[in-house]
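**Q** Pasting the feature list from Swiss-Prot:
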{"type": "TOPO_DOM", "residues": "1-39", "note": "topological domain 'Extracellular'"}
{"type": "CARBOHYD", "residues": "N31", "note": "N-linked glycosylation site"}
{"type": "TRANSMEM", "residues": "40-60", "note": "transmembrane segment"}
{"type": "TOPO_DOM", "residues": "61-75", "note": "topological domain 'Cytoplasmic'"}
{"type": "TRANSMEM", "residues": "76-94", "note": "transmembrane segment"}
{"type": "TOPO_DOM", "residues": "95-108", "note": "topological domain 'Extracellular'"}
{"type": "TRANSMEM", "residues": "109-129", "note": "transmembrane segment"}
{"type": "TOPO_DOM", "residues": "130-147", "note": "topological domain 'Cytoplasmic'"}
{"type": "TRANSMEM", "residues": "148-168", "note": "transmembrane segment"}
{"type": "TOPO_DOM", "residues": "169-172", "note": "topological domain 'Extracellular'"}
{"type": "TRANSMEM", "residues": "173-193", "note": "transmembrane segment"}
{"type": "TOPO_DOM", "residues": "194-220", "note": "topological domain 'Cytoplasmic'"}
{"type": "TRANSMEM", "residues": "221-241", "note": "transmembrane segment"}
{"type": "TOPO_DOM", "residues": "242-256", "note": "topological domain 'Extracellular'"}
{"type": "TRANSMEM", "residues": "257-277", "note": "transmembrane segment"}
{"type": "TOPO_DOM", "residues": "278-294", "note": "topological domain 'Cytoplasmic'"}
Amino acid sequence: MGRAEMVVGPSAAAAAYHLKNEAISWWEEVNRSRAWQDRLFHVLAILYGIVSAVALVQLIRIQMRVPEYGWTTQKVFHFLNFLVNGVRSLVFAFRRDVQKLHPEIVQHILLDMPSLAFFTTYALLVLFWAEIYYQARAVSTDGLRPSFFTINGVVYVIQIILWLIIWWKPVRVLVILSKMFFAGVSLFAALGFLLYGGRLFLMLQRFPVESKGRRKKLQEVGYVTTICFSCFLIRCVMMCFNAFNKAADLDVLDHPILNLIYYLLVEILPSSLVLFILRKLPPKRGITQYHPIR
């Protein structure tokens, strides 16, 4: 038995080594292939287009259901999803043309601005949950919306300043700083979901078992918290690699597989799942937690 294992062992190791080399070779071949680059970027464009269309359809359904209400949190959330995914779809549909734009800062803006808008879109969910949580505990929510706008304003201002500095002096250190800043923003968003999603989940658990909709709302909050926390945490880690490792650079044409995996994990799948989970339309009458944005 021992001798047989000694014979099989090296053979299995050699086969694994061969498979590894083949996988690396295939990865490099796809990355170098102009045709494969275009195919994978167009796949991303189509997927983003589908998510954008779904968000728009849901926005129209909500408007038809409650036309008497203005821009509610739910409507703004779906509109921003439509906008972010629609812009991403156009960017990837014309990805090769985007790479030719000059000055180079225009490329950074087109590739990074949707990420900032994605942060704002899902920060809106954190705001909504924070309002529900504090209202349920009879705590004033007057400072939440100003805080939301202030945080987003600071994030956008800092990013715009970084873009202007990069435009003025395009050095590698500033690009790294910009990517690390966004990694920090992503970590902040992940912690926001963990804090308020977790608080709301624990609060719902304390409701009486017979409470109407308790089980469904628990699942909704639990799933969305897990999905959004994971996607922003993955984005944070990936942006750190992206900043310091050229092999993980997402802003180039010759990393199409990495782009496909990254954007699937941090934007397309999370957006699709969250839109599916939050697909329920608001009630027509007797609305208690459906507030217009003021």
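Glycine residues also receive a Cβ, built from the backbone N, Cα and C atoms like all the rest.
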**Q** Can you tell me the mean pLDDT for the topological domain 'Extracellular' (1-39)?
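**A** Mean model confidence (pLDDT) across the topological domain 'Extracellular' (1-39) is 73.
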**Q** Using Cβ distances below 8 Å and needing 3 or more such pairs, separated by at least 6 in sequence, tell me whether the transmembrane segment (257-277) contacts the transmembrane segment (173-193).
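**A** When sequence-distant Cβ pairs are counted, the transmembrane segment (173-193) does not touch the transmembrane segment (257-277), since fewer than 3 lie under 8 Å.
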**Q** Would you mind checking how many other C-beta atoms are within 10 angstroms of the C-beta on the residue listed as 'N-linked glycosylation site'?
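**A** Neighbour count, Cβ to Cβ under the 10 Å cut-off: 17.
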**Q** So what's near the topological domain 'Extracellular' (95-108) in sequence-distant terms, Cβ-Cβ under 8 Å and 6+ beyond its ends?
**A** 37-38, 41, 45, 163, 166-167, 170, 175, 178, 251-253
**Q** Take the transmembrane segment (148-168) and find every residue of the same chain, 6 or more past its ends, with a Cβ under 8 Å from one of its Cβ atoms.
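**A** For the transmembrane segment (148-168), the list is 103, 105, 108-109, 112, 116, 119-120, 123-124, 127, 174-175, 177-178, 181-182, 185.
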**Q** Please indicate, using numbers and ranges, the residues of the same chain that are 6 or more beyond the topological domain 'Cytoplasmic' (194-220) and have a C-beta under 8 Å from a C-beta there.
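**A** For the topological domain 'Cytoplasmic' (194-220), the nonlocal Cβ contacts are 126, 129-130, 132-133, 136-137, 228-229, 277-278.
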**Q** With Cβ-Cβ distances below 8 Å as the criterion, list the same-chain residues six or more beyond the ends of the topological domain 'Extracellular' (169-172) that contact it, or say none.
**A** 103-105
